Every structure is written in C-alpha cells, then in structure tokens.
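Engineer: Have a look at this one.
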Amino acid sequence: MGENNVTTSKVSEEQEQHAASLSNSTIANVLTKALPYLQRFAGQTFVIKYGGNAMESEELQNSFARDIVLLKAVGINPVVVHGGGPQIGQLLERLSIKSQFINGMRVTDSETMDVVQMVLGGLVNKEIVSLINRNGGRAIGITGKDGDFIWARKLTGFNEVASAGGREIVDIGQVGEVKSINTDILKMLENSDFIPVIAPIGVDEQGKSYNINADLVAGKLAEVLKAEKLILLTNTRGVLDNDGNTVTGLNVDDVRNLIDEGTIYGGMLPKIQCALDAVQSGVNGVHIVDGRVIHAVLLEIFTEQGVGTMIHSSPVSPTRNT
C-alpha cells in the first residue's frame, strides 16, 4: 500500500515536471517567434482604436490594457483612441434625451453634446486611463480640446431621398470631422513615457465642440504621426469573404475589388475607407482585429497568423506584418 502511494506520487511528480517543461518550451517558442517583430517595431508608433465588445468584458479590458503596457515596455509607442457610443446612449436614455440617427450618425444638438463630452472626456476616458495604470502602465487622458489638439469642422450630413432618387443635406448638429491635428502634445507625452488615451472630441476656431467618429480620429492620427500601424478593434473577425472566412491579408486593389463585388458592405465600409485613406497616406499597415479575442493586439502584431485582416499599401498581396 505504501509502495503504491510512493509510485503514484512519483508518477504525479513526473507528470507535473513534464507539463511544466512543455509550458516553458511553449513560452520560449512564442517569444522566439515574436523576436523579429519586436526588433522591427521598436521605436515605431502604433495607433489603436479601442471600442466595441473589447470595452465591455472585464477580462477583455484587462487583456487590452496589458497588451498596451507590453507594447510600451518593448519600445513601441502606443496611442489609444477610444469610442463610447453605447455608454453615450445609456446616459441619454437615463436623462430621457431621445437619440436620432441619420446614416449611422447620432444627431448631436447642444444638450446631446454636453452628454457626449461627459461620457467620452470624463467617464470612459478616465476609466481607460485607470485601467492601463492598474496594469502597470503610465497613461494620461486627453480630448481634442486639450491644447487645441484636434481642430474640427462641422460635418455635412446627408439623407437618402427615395422619391427623388438622390440625397438631401441635413443638419446633424455638432458632429464633426478632423480639420487638422497638432501633434506637439503627443510628442511631449511620448518623450515622457506616457501612453496617450484620446477621446474623439474636436474644437473649432470659435471654441465650439464636435463629436467625431473615433475611427476617423484614429486614422488621421496615424497619418500625421507617420505611424507604422493603425489597429482597429471591432466586433468581427476582420474582413470576411463570401464563405464567411477571414481574409488575413489585402492590398488596396484587393479591397476595392471586394467593395465592387459587394463582399464588403454596410457597417464595415466606413472602417475600410478609413483603412484605405491611412495606407494611401503612408501608414504601412492597417489591422482590422477581432476585439473579442483575449490579447488580440499582441496576437495580431506578433504572430504570423494574427486574429484579423491586415490591409497593406503594397501593389502585391501582402505577407502579414511586413
């Protein structure tokens, strides 16, 4: 009986050692494969748009924060731009303020704009800053109004008119687009080892505030910062083909063909247009990534297979992360 216990204990110990050995081997293999990417991207700027389901689960929130902290630790400069549409909608509902949407854009009167600024510039921005700081980073939150960082202009809205077969111009209130970006404040933060977390609110010459689509802000930031990569976290597995499979790598011509074929449509179109504008303005690669995946940012950047779609400016179909 005693001998059997000793044997069982010995077998159990050997199994644990074997499991630990496999685990260590796996970790070493992962780090070795990531090394070329770490070397290549050191000193580069990545702009990351954070939103969607990745903001809703505590596990995904912490996973995202650790990814951002690790990027900074290995010498990459992450710049985070966040959305907050669902949170805005929730507060508007609590305040009994009705929302109206035209072509996917929230009509933003002065009362709604006050809520947008409270949610984006206050609640959501500070939560993300705190999240990154709790996970070992040094983040600082800003809006486009701070230091006249993002100059905005009013966006012209259009409404489809079926009877006339065309479009009519409509006033969508304080919804804006990026006019220009002053990068001095970001360079100052970068030199101080802070991670910027940016709420997509802009201001015009008269001091009027504008709500700007976070994807558009992220895209423009990537352009003016000459970022190596723009990463858009979404609620999908990237760009899907007609069979529902993720297309892992596309060039500009590939994307246009998929749009013409109707494979890319609906809510993915604005993100794709943002990606095209970025790569045609010098951003080396745009990644549309499934934010529902744990450590999605690291897996997309530091592994060959990734967890989304990379759009590249190359005239030939790209190899991922090149």
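Every residue, even glycine, has its Cβ placed from backbone N, Cα and C.
Keep in mind it's a predicted model, so treat the numbers as computed, not measured.
Annotations per TrEMBL:
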type	residues	note
DOMAIN	45-290	domain 'Aspartate/glutamate/uridylate kinase'
SITE	LYS49	site 'Transition state stabilizer'
BINDING	GLY84, GLY85, ARG106, ASN211	substrate binding site
SITE	LYS271	site 'Transition state stabilizer'
Engineer: Using a 10 Å radius around each Cβ and all protein chains in view, which of these recorded positions has the most neighbours: LYS49, ARG106, LYS271?
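Structural biologist: Comparing the recorded positions LYS49, ARG106, LYS271, the most crowded Cβ belongs to LYS49.
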Engineer: If you measure GLY84 (substrate binding site) to LYS49 (site 'Transition state stabilizer') at Cα, how many Å is it?
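Structural biologist: Here the two Cα atoms are 11 Å apart.
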Engineer: Would you mind giving the whole-number mean pLDDT across the domain 'Aspartate/glutamate/uridylate kinase' (45-290)?
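Structural biologist: Residues in the domain 'Aspartate/glutamate/uridylate kinase' (45-290) carry a mean pLDDT of 90 in this prediction.
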Engineer: Taking the Cα atoms as reference points, how far is LYS49 (site 'Transition state stabilizer') from LYS271 (site 'Transition state stabilizer') in Å?
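Structural biologist: LYS49 (site 'Transition state stabilizer') and LYS271 (site 'Transition state stabilizer') have their Cα atoms 11 Å apart.
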Engineer: What other residues of the same chain, not counting GLY84, GLY85, ARG106, ASN211, have a CB atom within 8 A of the CB centroid of the substrate site?
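Structural biologist: Close Cβ neighbours, site residues excluded: GLY83, ILE88, GLY89, THR108, VAL116, VAL119, LEU120.
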Engineer: Rank the binding-site residues GLY84, GLY85 by the number of other Cβ atoms within 10 Å of each Cβ, and give the residue at the low end.
Structural biologist: GLY85
Engineer: Give me the CA-CA distance between ASN211 (substrate binding site) and LYS271 (site 'Transition state stabilizer'), in Å, as a whole number.
Structural biologist: 17
Engineer: Measure from the Cβ of ASN211 (substrate binding site) and count the other Cβ atoms within 10 Å, all protein chains considered.
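Structural biologist: Other Cβ atoms found within 10 Å: 28.
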